[in-house]
Amino acid sequence: MPTTVITHIGSLVTNDPARGDGSPLGLVQDAALVIEDGAVAWIGRASEAPAADEVHDAGGRAAIPGFVDSHSHLVYAGDRTAEFNARMSGRPYTAGGIRTTVRATREAADEELSANLGAHLREMLRQGTTTVETKSGYGLTTDQEARALRLAREHTPETTFLGAHIVGPEFEDDADAYTALVAGEMLDACAPYARYVDAFCEKGAFDGDQTRAILTAGKAKGLIPRVHANQLSHGPGIQIAAELGAASADHCTHTDDADLAALADSGTVATLLPGCEFSTRSPYPDARRFLEAGVTVALSTDCNPGSSYTSSMPFCVAVAVREMNMTPDEALWSATAGGARALLRDDVGRLAPGARADITLLDAPSHVHLAYRPGVPLVAGVWRGGVREV
Ligand code: NIG
Ligand code: FE
């Protein structure tokens, strides 16, 4: 397989603290990077780069690890523009709109769902994202949830079983019976296509006991737990995530100090979703509190047709810097290495020999421009697994 060198990278984020200036971003100035067999083979100064079969001159542009978007809901059909419009006229977000998407998703053919998912993944790639997690949760019957995960698996290995998104419409008066279905027959049908199990722990969705029952059953089937926690109100979701050793607790909009201590102690990543607060006009979580408490923070889009219909990690980085008290360096780390931690992956989210050659080239002299130039399409090139995709 031919080797490729990307040379004259003005500023390279490696997320390898052993490299460069010793900061968490492991910045290397005037860098080069060699790709071999889909992986990073060498990183160093451009002047010392070994020869390769193909040469790409970055012309002083910055490069970063491809973004790792560790939370999205992309197996769906239908449109919720009207709901968004109503929200922007003052209606609150309640998660009730999930039912609208469930109806449309159930009616859609496999081909439509798969094409919609593929189109969104392509949109993400063009914005520099090379690893994407996505979930079921708009089917809410055994067959529909298994179908969603089977289709998702054809696009990404990072799939999450979210049968516990809301109580299925057939069970509206019996959340416990629906919980038993999710933790039993539905889990059995979905586990072969999923890597994680998730539940929306919230008033009106699943309470602490129901959440615990579903995640524990998923764990027994070999799935890794993650939780939609503390999104619309303060509840037990974060504590349950920490107690069960979940890979991440996602949203974390309403937290107290005990929640942050539990996350720090357990090592559970807090996945913050600025697109969701933006699109639901909710107050943003203060990432500074999480970082000062020693919590690992990931940033992700939560891309879904209801609460956060953005596929853009650059947008999330910019909002996290402006509204959530993160520095540009912290936000970049959380959108790459943080996302990889939330997915328990060490081959992505960083650039070092042996890591996957997922590289996003920016039309900018440094990664700081992602926050400094919000809304500007700065992605100039994307390699995924060593292959130039954009
Ligand atoms: O992460 N909180 C629950 N689920 C999604 C919203 C899904 C929807 O509104 O369709 C979320 O925000
Ligand atoms: Fe979500």
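Placed from the backbone N, Cα and C atoms, the Cβ positions cover glycine too.
TrEMBL entries are annotated by machine, without manual review.
Copied over from TrEMBL, here are the features:
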type    : residues                              : note
DOMAIN  : 63-383                                : domain 'Amidohydrolase-related'
BINDING : His71, His73, His228, Asp302          : Fe(3+) binding site
BINDING : His71, His73, His228, Asp302          : Zn(2+) binding site
BINDING : Arg80, Tyr138, His165, Gln231, Ser307 : 4-imidazolone-5-propanoate binding site
BINDING : Tyr138, Asn304, Gly306                : N-formimidoyl-L-glutamate binding site
Listed in sequence order, the residues of the same chain lying six or more positions from His73 (Fe(3+) binding site) whose CB sits under 8 Å from its CB are Thr134, Lys135, Gly137, Tyr138, Leu162, Asp302, Cys303, Asn304, Pro305
Taking Tyr138, His165, Gln231, Asp302, Ser307 as the binding-site residues, the residues having C-beta under 6 A from ligand 2 are Asp302
For Gly306 (N-formimidoyl-L-glutamate binding site) and Arg80 (4-imidazolone-5-propanoate binding site), the CA-to-CA distance in whole Å is 6
Restricting the binding-site residues His71, Gln231, Gly306, Ser307 to those with Cβ under 6 angstroms from ligand 1 leaves Gln231, Gly306, Ser307
Expressed in Å to no decimal places, the gap between the Cα atoms of His165 (4-imidazolone-5-propanoate binding site) and His228 (Fe(3+) binding site) is 9
Here the Cα-Cα span from His228 (Fe(3+) binding site) to Ser307 (4-imidazolone-5-propanoate binding site), rounded to a whole number of angstrom, reaches 13
Note on Zn(2+): the CB centroid of His71, His73, His228, Asp302 has further same-chain residues inside 8 Å, namely Ser72, Lys135, Asp250, His251, Leu273, Cys276, Ser300, Cys303, Asn304, Ser307, Ser308
CB neighbours within 10 A of Gly306 (N-formimidoyl-L-glutamate binding site), counting all protein chains shown, number 23
Whole-number Å distance separating the Cα atoms of Arg80 (4-imidazolone-5-propanoate binding site) and His71 (Fe(3+) binding site) is 19
Longest inter-residue Cα distance for the 4-imidazolone-5-propanoate binders Arg80, Tyr138, His165, Gln231, Ser307, rounded to the nearest angstrom, is 20
Gln231 (4-imidazolone-5-propanoate binding site) to His71 (Fe(3+) binding site), Cα to Cα, whole Å, comes out at 14
Cα-Cα, Ser307 (4-imidazolone-5-propanoate binding site) versus His71 (Fe(3+) binding site), nearest Å, comes out at 13
Of all C-alpha pairs drawn from the N-formimidoyl-L-glutamate-binding set Tyr138, Asn304, Gly306, the farthest apart lie at a distance in Å of 11
The most crowded of the binding-site residues His71, Arg80, His165, judged by neighbouring Cβ atoms within 10 Å of its own Cβ, is His71
Averaging the pLDDT values of the domain 'Amidohydrolase-related' (63-383) gives 98
